[in-house]
Amino acid sequence: MGLDRPQAWLLGLPTAAVYGSLAFFTTILHNVFLLYYVDTFVSVYKINKMAFWVGETVFLLWNSLNDPLFGWLSDRQFLSSQHRRSGAGLSSRAVVLARVRALGWHGPLLALSFLAFWVPWAPAGLQFLLCLCLYDGFLTLVDLHHHALLADLALSAHDRTHLNFYCSLFSAAGSLSVFASYAFWNKEDFSSFRAFCVTLAVSSGLGFLGATRLLRRRVEAARRDPGCSGLAVDCGLCGEELLVGSEEADSITLGQYLRQLARHRNFLWFVSMDLVQVFHCHFNSNFFPLFLEHLLSDHISLSTGSILLGLSYVAPHLNNLYFLSLCRRWGVYAVVRGLFLLKLGLSLLMLLAGPDHLSLLCLFIASNRVFTEGTCKLLTLVVTDLVDEDLVLNHRKQAASALLFGMVALVTKPGQTFAPLLGTWLLCFYTGHDLFQQSLITPVGSAHPWPEPPAPAPAQAPMLRQGCFYLLVLVPITCALLQLFTWSQFTLHGRRLHMVKAQRQNLSQAQTLDVKMV
């Protein structure tokens, strides 16, 4: 009986906590990957510059295309209706179970692909290319199914906010792996860091297996619980047995689906705003070390800069817990709009104050990254609302959650590429300092991939500092103005959002009764 007590305790965990723990098992790997993969291949494996650029170019194409590809492969059956009397069809609970089973497979494979970075097993250029594509492929599969579950496990804004709260909490805990990694990182003796990565991968893989097993049991148990109804987070998809399919035998092609999206007005305004947001998030990530070096390096120590770098990974998740509490009270639309106004106000204040107010400058650099990353995390909730509206507008029998998340990523991921390109061009425009002529841009947290360029001439240094300052404040001002305009055109909030959710709820109940009668 003693062995049953831990199992009973685990089964008693809230569904939201089990769902949120999946974010922890992803974050402990991904932040370490972001910090060290470039430095590992450049400084330890000695990859040459041409192979590095080829790998990054192929990775850019793969990273942009795999989201809609995997989303289409996952959810295309939900866009096709099959004759009910044929016996084919899926219930909403079956859809959730399929996503959970996919996470149970893809999570451990993500951990295995993470391990492939830290052991040399092929020529450096080939290993770099294969590792990037494998890792990003499994990461995309995990992210798509995890985000899709947010839309499939809960319908109400309160329940989805509750799920996202636990994701932020566990993501903040997972970000602590960044601090632990500093104790093991040593380019000369790589064995201790390799052992650390093995520990992370094993923990993540086992965590995915355990969490998905618990989540699967919770959803299966909900079917046998007569006291549970609706899309309650702590009851799973109880009572939700609508079938995918109808009397019509029509099938929807990819071209038809894209035309439907092109007519989805709120989707178009959202991805326009989110493209700017993705650009700003990655701009902050790419140029955070540059701003620290040229604006604050004379006033803070190297260790303080490292601590600020680590905190920039953890603080957005902790800050998001407060934002989510505001979302429960005021709604996601109002909170996001408030963050855009805050970004604009702080940037204008910093522009007026100038680069010599160091305490305000330090606060602005930190808050700019934290608030921008926090906004990115809130937008997942908006996509789940778009999933609901897509289902209602196009009379789907099942929400194509993963596919819609994939289409959002397809449109917005180019912002990742525009960020370093436009940022370096603007820096060169303001100062004449061309980073590409001297070194490769280094991702956040990595050591310099190639020898560090000589410091700018004394006469050029003030101009470079001034250029970095204008880059720091004018980019968020421009982004905020663009986002305030596009966000003002987005109408899926307030009364319309309540109407969409009511229609989806009524559709679910009507189809549930129809299935029971059949």
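Each Cβ is built from the backbone N, Cα and C atoms, and glycine gets one as well.
Just so you know, TrEMBL annotations never went through curation; they're auto-generated.
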Per TrEMBL, the range holding transmembrane segment, considering 41-65, 191-215, 391-415: 191-215
Segment proximity, the transmembrane segment (469-487) to the transmembrane segment (12-38), 3 or more C-beta pairs under 8 Å: no
Distal contacts, the transmembrane segment (124-142) - CB-CB under 8 A, six or more residues away: 22, 26, 30, 33, 37, 41, 45-48, 50-52, 54-56, 58-59, 62-63, 66-67, 70, 102-103, 106-107, 109-110, 113-114, 116-117
In contact by Cβ distance (the transmembrane segment (469-487), the transmembrane segment (94-118); 3 or more pairs under 8 Å): no
Contacting positions for the transmembrane segment (163-185) when only residues 6+ beyond its ends and CB under 8 Å are counted: 14, 16-17, 19-29, 31-32, 35-36, 150, 153-154, 192-193, 195-196, 200, 233, 306, 310, 313-314, 317-318, 320-321, 324, 377-378, 380-381, 445
Chain residues outside the transmembrane segment (469-487) and at least six past its termini with a C-beta under 8 angstroms from it: 269, 272-273, 276-277, 279-280, 283, 287, 291, 295, 333, 336-337, 340-341, 343-344, 346-348, 350-351, 354-355, 364-365, 368, 372, 423, 426-427, 430
Distant-in-sequence neighbours of the transmembrane segment (330-353), which means Cβ under 8 A and at least six residues beyond its ends: 157, 161, 323, 360-361, 364, 367-368, 371-372, 374-375, 378-379, 381-382, 385, 472-474, 476-477, 479-481, 483-484, 487, 490, 492-494, 497
